[in-house]
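Inspection log for the structure reproduced underneath, given as structure tokens.
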Amino acid sequence: MSQTETVHDRIEQARTELTPTQIAVGLALAASLGFVLMFLQDPMVHDAMHTFRHGAGITCH
Amino acid sequence: MWPTLKRGVAAGGLVGVVYGLFTAVVVHPLTASLAEIAHHGGHGHDAGAHSHAVSETTTAVVSVGSGVLWGIFLGAALGLAYYFLEPAVPGSSATRPYVLAGAGFLTVSVGPWLALPPVAPGMEHQLAASTRLVLYAGLMLAGAVLAVLGTALYRRAGDRRRGVAAGLAPIVAAVAVVPLLTPTVVTAGGLSTDLVAAYRGLVVFGQAGLWFGLATAFRWLGPAPTNLDLTPHETQI
């Protein structure tokens, strides 16, 4: 890969490489993952991840 | 884009398994034991206040599994970010994954920890969860800004060694100063200061190790690095 590339080139490259459908599917997946993360606030799931959250330095209680 | 993303996910899978084992062998037993101490040794806590919705075993299994998924998630994020940001990341093809992983660590963990330090079990946050969520997002942004600022200062400096020093300066300064300026937002929860410090050290070690492992695996899975691929900018200095 050429070393004179810029971040802008990469964005353009992604635009030509990916079809609009692929981009839409990717964004939908990311949004749904975000939604699931919110859903994980549910006490049962939330508590089950308890030690992991402490270990990762992300705590909610 | 696809090969880079795939490489990130593969690196995340490898490192996620190791991090899951670390969670199983070190973090989970330690956290569970500290929770015991905090519940029974602390005063003023009634047992009911800390009862959990699920069993101990479920917590262990899900926490270890979450460790694996955490590795995969961060690996995918690293791969995707690497695809887009590689031209802007300083260093050779061998060091760039480490620089980007460092920026990731700064954004995902160190930034939020500046005001919301890792807590051991039994310690309580004094701010409401909704306040912390907003604060968390803002601090992640601050971490990312620090990474960008460090990169800009690196590029402005004349040579490589001075560049590294200039780039690290604002990050080291923020890590040293900001926690002293921000108010304490957690209660000690009956654990000694030493124990809390040791626990925090373990959390920092775990997350830093995770990012270091991701960068190593990401580089290892990629094309063999050559010495001839310095950016034009670096050939000048």
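Cβ coordinates come from backbone N, Cα and C, glycine included.
Per TrEMBL, these features apply:
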TRANSMEM  B:9-30  transmembrane segment
TRANSMEM  B:67-85  transmembrane segment
TRANSMEM  B:97-115  transmembrane segment
TRANSMEM  B:135-154  transmembrane segment
TRANSMEM  B:166-191  transmembrane segment
TRANSMEM  B:197-218  transmembrane segment
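Sequence-remote contacts of a segment are chain residues at least 6 beyond its ends whose Cβ falls under 8 Å from one of its Cβ atoms, and for the transmembrane segment (B:166-191) they are 34, 37-38, 41-43, 45, 90, 106, 110, 113-117, 119-127, 142, 146-147, 149-151, 153-154, 156-157, 199. Under 8 Å from some Cβ of the transmembrane segment (B:67-85) lie the Cβ atoms of residues 1, 4-20, 22-24, 27, 96-97, 100-101, 104, 108, 210-211, 214-215, 217-218, all in the same chain and six or more residues away from its ends.
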